[in-house]
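All remarks here apply to the structure that follows.
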Amino acid sequence: MLGFPPGRPQLPVQLRPQTRMATALRDPASGSVTFEDVAVYFSWEEWDLLDEAQKHLYFDVMLENFALTSSLGCWCGVEHEETPSEQRISGERVPQFRTSKEGSSSQNADSCEICCLVLRDILHLAEHQGTNCGQKLHTCGKQFYISANLQQHQRQHITEAPFRSYVDTASFTQSCIVHVSEKPFTCREIRKDFLANMRFLHQDATQTGEKPNNSNKCAVAFYSGKSHHNWGKCSKAFSHIDTLVQDQRILTREGLFECSKCGKACTRRCNLIQHQKVHSEERPYECNECGKFFTYYSSFIIHQRVHTGERPYACPECGKSFSQIYSLNSHRKVHTGERPYECGECGKSFSQRSNLMQHRRVHTGERPYECSECGKSFSQNFSLIYHQRVHTGERPHECNECGKSFSRSSSLIHHRRLHTGERPYECSKCGKSFKQSSSFSSHRKVHTGERPYVCGECGKSFSHSSNLKNHQRVHTGERPVECSECSKSFSCKSNLIKHLRVHTGERPYECSECGKSFSQSSSLIQHRRVHTGKRPYQCSQCGKSFGCKSVLIQHQRVHIGEKP
């Protein structure tokens with residue numbers, strides 16, 4: 001009964017139900033088993049990791065396990081004298097889903113810190129799918145498995161505008177599919193998640209507020225007897241007033257659960273508990289390949305793809321694949337051109353909110369990440385991590401072709417294109433292609449003329465922030481890069497690289513026409529004009545043209561009477 005049917009997708013082995021329940025089913029006297037013992041807890045990150053088939057399988061298995069534990073008469077692990085048919089399960093007494101059974105059976109429901117909406121909805125479903133061991137309402141004879149639902153129903157008889165429930169015999173999986181795919185919940189300001197949607201509002205009832213019928217499209221619906229609850233600041237509709245209160249918390253920040261370490265606010269206590277793991281030393285998931293530990297199972301799974309090379313999320317537009325779903329979602333905005341996040345300072349827009357937040361630091365000058373070795377600070381955390389490898393010498397990313405290693409994975413990806421010749425970034429204006437997205441972005445500014453970085457001293461503008469930084473050293477006189485051969489200093493590293501060729505004699509740029517080589521690419525470009533006859537620099541006074549800008553400047557001195 002606990003096994004997974006042939007052909008059905010498998011849950012990750014760490015998340016499968018424990019074997020204690022199977023033992024208890026074979027020999028009930030061997031020990032009491034509770035639903036907590038076999039239930040599986042998912043954090044929000046872990047839940048997002050599952051695909052739709054696995055989510056449906058999870059609900060199937062949990063519902064089946066719930067029915068079995070209920071039939072054994074050992075629901076929540078709290079000892080009392082009631083018979084199974086008299087046991088009450090309060091809507092507020094929802095057990096914890098755990099991967100570890102430690103302490104789960106000794107805690108009563110009132111001390112439970114994690115209250116998951118998923119289980120509550122599973123219990124609602126169990127009530128409506130024919131479980132006949134619940135409580136009986138003497139007023140009208142209707143039976144309920146959950147005492148909270150009994151209390152809500154009793155309000156009908158005292159005219160308290162109760163929440164009502166109407167169901168048919170549609171399967172739980174059908175309900176999942178309908179409400180995940182049709183997405184009947186709308187909100188302009190709040191990002192809805194799947195677990196909040198497990199209230200199972202009928203599509204028609206959401207739109208009209210009318211009582212849903214026994215359509216096979218909806219397994220269970222809960223809503224107010226008169227109309228849905230709405231809040232003036234948000235268009236989202238709710239079937240339960242407690243969900244509305246939670247939604248109001250998101251917008252007003254009232255009654256939130258706040259982390260004492262960092263001040264982050266959560267709308268649910270269970271979310272706060274999950275968040276607090278970030279601050280704790282608890283890292284229960286260890287990678288067998290490299291020994292790295294992780295706080296969340298989802299982070300562990302994603303990390304393993306570094307070793308396996310698995311990239312399960314493919315872009316339907318270009319076929320490019322990714323190891324994480326959010327990376328795919330971010331990538332798809334490249335095709336759609338969607339850039340919804342705009343900077344209020346300069347108007348620049350971004351496809352991701354995190355990119356906008358990082359960009360804002362250009363204007364504010366904030367650099368919150370500081371190196372403990374040299375005191376250098378950075379605006380982004382990953383920049384600090386990369387910088388620290390300068391001190392440690394760590395170069396973990398190695399090329400399989402030539403053995404060259406790199407401190408950044410992105411550098412390795414770019415390097416591999418030297419071997420493959422791949423140039424995936426093509427300009428739609430001129431057709432020129434590039435190996436790196438940064439080079440492509442820089443090139444596009446040639447066509448747009450965009451120069452967003454302005455010098456505060458002289459007003460000169462630049463297309464790149466790095467160019468502005470180098471330029472500002474003209475005003476400050478800073479020359480932080482020094483030659484180890486002759487102690488000559490330079491304002492930027494690129495100038496040092498060019499200078500070092502004076503000492504090494506390296507001349508990497510060779511003319512394909514005559515074989516002459518040069519130490520700088522600009523010198524090769526000027527030399528090629530000898531073969532092509534191109535003279536792009538023209539004198540405005542006499543119309544004479546030149547192949548080199550410096551020669552034009554010298555020529556112009558003839559007109560102004562200045563001696564060259």
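Every residue, even glycine, has its Cβ placed from backbone N, Cα and C.
The domain 'KRAB' annotation in Swiss-Prot covers 33-106.
As annotated by Swiss-Prot, region 'Disordered' applies to 85-108.
The zinc finger annotation in Swiss-Prot covers 131-157 (among others).
According to Swiss-Prot, the feature zinc finger maps to 257-279 (among others), an assignment based on sequence analysis.
The zinc finger annotation in Swiss-Prot covers 285-307 (among others) and is backed by sequence analysis.
Summarising the annotation, Swiss-Prot assigns zinc finger to 313-335 (among others) and lists sequence analysis as the type of evidence. This prediction places the mean pLDDT of the zinc finger (313-335) at 86.
What Swiss-Prot records for 341-363 (among others) is zinc finger. Within its own chain, the zinc finger (341-363) has Cβ neighbours under 8 Å at 330, 333-334, 379-380, 452-453, 465, counting only residues six or more beyond its boundaries.
Here the zinc finger (369-391) has Cβ contacts under 8 Å with residues 358, 361-362, 407-408 of the same chain, all six or more residues outside its ends. Annotation source Swiss-Prot lists zinc finger at 369-391 (among others).
Per Swiss-Prot, the feature zinc finger maps to 397-419 (among others); the stated evidence is sequence analysis. Each residue in the zinc finger (397-419) gets a DSSP state, and the totals come to 11 helix, 4 strand, 8 coil.
Taken from Swiss-Prot, the feature zinc finger applies to 425-447 (among others).
As a summary of secondary structure, the zinc finger (453-475) carries 11 helix, 4 strand, 8 coil according to DSSP. The feature zinc finger is assigned by Swiss-Prot to 453-475 (among others).
Long-range contacts of the zinc finger (481-503) within the same chain: residues 470, 473-474, 519-520, each at least 6 residues beyond the stretch ends and with a Cβ under 8 Å from a Cβ of the stretch. As annotated by Swiss-Prot, zinc finger applies to 481-503 (among others).
Remote same-chain partners of the zinc finger (509-531), defined as residues 6 or more beyond its termini with a Cβ less than 8 Å from a stretch Cβ, comprise 498, 501-502, 547-548. Positions annotated as zinc finger by Swiss-Prot: 509-531 (among others).
Distant neighbours of the zinc finger (537-559): 526, 529-530; these residues of the same chain sit at least 6 beyond its ends, with a Cβ under 8 Å from one of its Cβ atoms. The annotation zinc finger is assigned in Swiss-Prot to 537-559 (among others) on the grounds of sequence analysis.
Helix, strand and coil counts from DSSP across the zinc finger (313-335) read 11 helix, 4 strand, 8 coil. Note on the zinc finger (285-307): DSSP counts are 11 helix, 4 strand, 8 coil.
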